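Accompanying notes for the structure given below.
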Amino acid sequence: MGRAEEREMENGNHEIPENANEHCPGPQSESAGKSDACAGCPNQEACASAPKGPDPDLVAISERMATVKHKILVLSGKGGVGKSTFSAQLSFALAGMDHQVGLLDIDICGPSIPKMLGLEGQDIHQSNLGWSPIYLESNLGVMSIGFMLPHPDEAVIWRGPRKNGLIKQFLKDVHWGELDYLVVDAPPGTSDEHISIVQFLLASGIDGAIIVTTPQQVSLIDVRKEISFCKKVGLPILGVVENMSGLMLPISDVGFAKLSESGEEEDVTEWALNYMKTHAPEMLTLFVRKEVFDSSGGGAARMCSEMGVPFLGKVPMDPQLCKAAEEGRSCFTDKKCIASAPALRRIIEKLIVSQE
């Protein structure tokens with residue numbers, strides 16, 4: 001995070017005009033319109049004469065968030081690590097424990113939460129209390145920009161200020177009511193949106209962030225930056241989850257093939273399973289486990305030890321979990337996610353204990 005962004009965090013302001021200079025200190029900064037970075041900016045005179053002080057919307061956000069007991073931000077250093085899947089299943093699990101839960105999707109350019117909760121095609125409604133979340137269950141409400149798009153394939157091409165304005169509106173105008181947990185699914189990285197959501201929630205008391213990664217070094221390098229970001233902005237780190245920690249599935253779900261000398265593939269799954277059933281039936285109760293990513297560097301557990309942050313646990317790569325996410329359902333309601341559901345539950349129970 002650059003010095004300009006750090007000043008914005010300190011000043012409690014990030015509403016920077018779209019046509020502002022690159023290192024704009026922010027319209028409400030004491031140096032607004034006066035610093036060297038303001039020279040030649042079309043907003044210079046307006047910023048210099050504008051009243052200074054805290055953003056009044058922060059007061060409205062704090063009042064709205066006063067009915068939310070716990071606020072958890074789910075982050076990732078890079079995309080494709082299963083952050084939104086974790087956010088969705090965390091929300092399902094908390095709701096299944098009879099907590100009142102809200103899930104806020106601020107991944108504005110890639111809102112996947114409506115799909116992962118089976119809520120595609122829903123529309124947001126307004127009342128005199130504000131925007132109403134879309135309720136999957138009576139104790140699980142969801143809000144996402146995905147509900148506002150005319151078509152799911154519609155691209156969101158917005159500059160930073162407009163994204164920040166929507167995040168602020170989600171926090172200020174959505175009527176969540178009394179919540180035990182608000183789970184916020186953020187986009188990957190450490191961008192404008194992250195600075196905004198942290199700034200907006202710090203004033204109302206955010207519990208902290210869960211960071212999702214995969215075991216390989218290319219993901220852990222970015223997670224280290226994410227941890228550095230959290231420390232710089234004063235955001236507590238609740239822990240790191242290592243997702244896709246090896247492929248794991250029952251041997252009965254595995255396909256078997258025989259390759260000829262010419263490389264042609266012959267499916268021998270039925271023969272192999274019948275052979276095991278006849279000669280070694282106990283093998284059919286086993287799971288197949290295979291490392292997909294190189295974890296020889298110690299993975300997330302070692303990184304957490306080196307950086308002094310909590311390690312929450314590992315979740316294996318489970319095809320049934322992927323299917324649950326595609327179908328918009330909880331992995332905890334049936335016994336299909338045999339490998340992933342128990343691992344996720346252990347992590348969530350550990351998280352709840354730490355919040356009590």
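Here, residue 1 is simply the first one shown, and the rest follow in order.
Note that Cβ sites are derived from N, Cα and C of the backbone, with glycine treated the same way.
From a predicted model like this one, the values you see are computed outputs, not experimental measurements.
Look at TrEMBL and you will find 1-21 tagged as compositional bias 'Basic and acidic residues'. Sequence annotations record features per position, and here TrEMBL assigns region 'Disordered' to 1-41. Taken from TrEMBL, the feature [4Fe-4S] cluster binding site applies to CYS24, CYS38, CYS41, CYS47. The ATP binding site feature in TrEMBL is assigned to GLY77, LYS78, GLY79, GLY80, VAL81, GLY82, LYS83, SER84.
Locations of recorded TrEMBL features on the structure.
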| residue | record | Cβ neighbours (10 Å) |
| --- | --- | --- |
| CYS24 | [4Fe-4S] cluster binding site | 21 |
| CYS38 | [4Fe-4S] cluster binding site | 21 |
| CYS41 | [4Fe-4S] cluster binding site | 19 |
| CYS47 | [4Fe-4S] cluster binding site | 23 |
| GLY77 | ATP binding site | 24 |
| GLY79 | ATP binding site | 15 |
| GLY80 | ATP binding site | 10 |
| VAL81 | ATP binding site | 23 |
| GLY82 | ATP binding site | 22 |
| LYS83 | ATP binding site | 26 |
For LYS78 (ATP binding site), nearby residues of its own chain (Cβ under 8 Å, 6 or more apart in sequence): PRO188, GLY189, VAL218, SER219, ASP222
Between CYS38 ([4Fe-4S] cluster binding site) and LYS83 (ATP binding site), the C-alpha gap once rounded to whole angstrom: 38
Rounded to the nearest Å - Cα separation of CYS24 ([4Fe-4S] cluster binding site) and GLY77 (ATP binding site): 26
Rounded inter-Cα distance in Å - GLY77 (ATP binding site), CYS41 ([4Fe-4S] cluster binding site): 33
Spatial separation of CYS41 ([4Fe-4S] cluster binding site) from SER84 (ATP binding site) - C-alpha basis, Å: 39
C-beta crowding around SER84 (ATP binding site), within 10 angstroms: 26
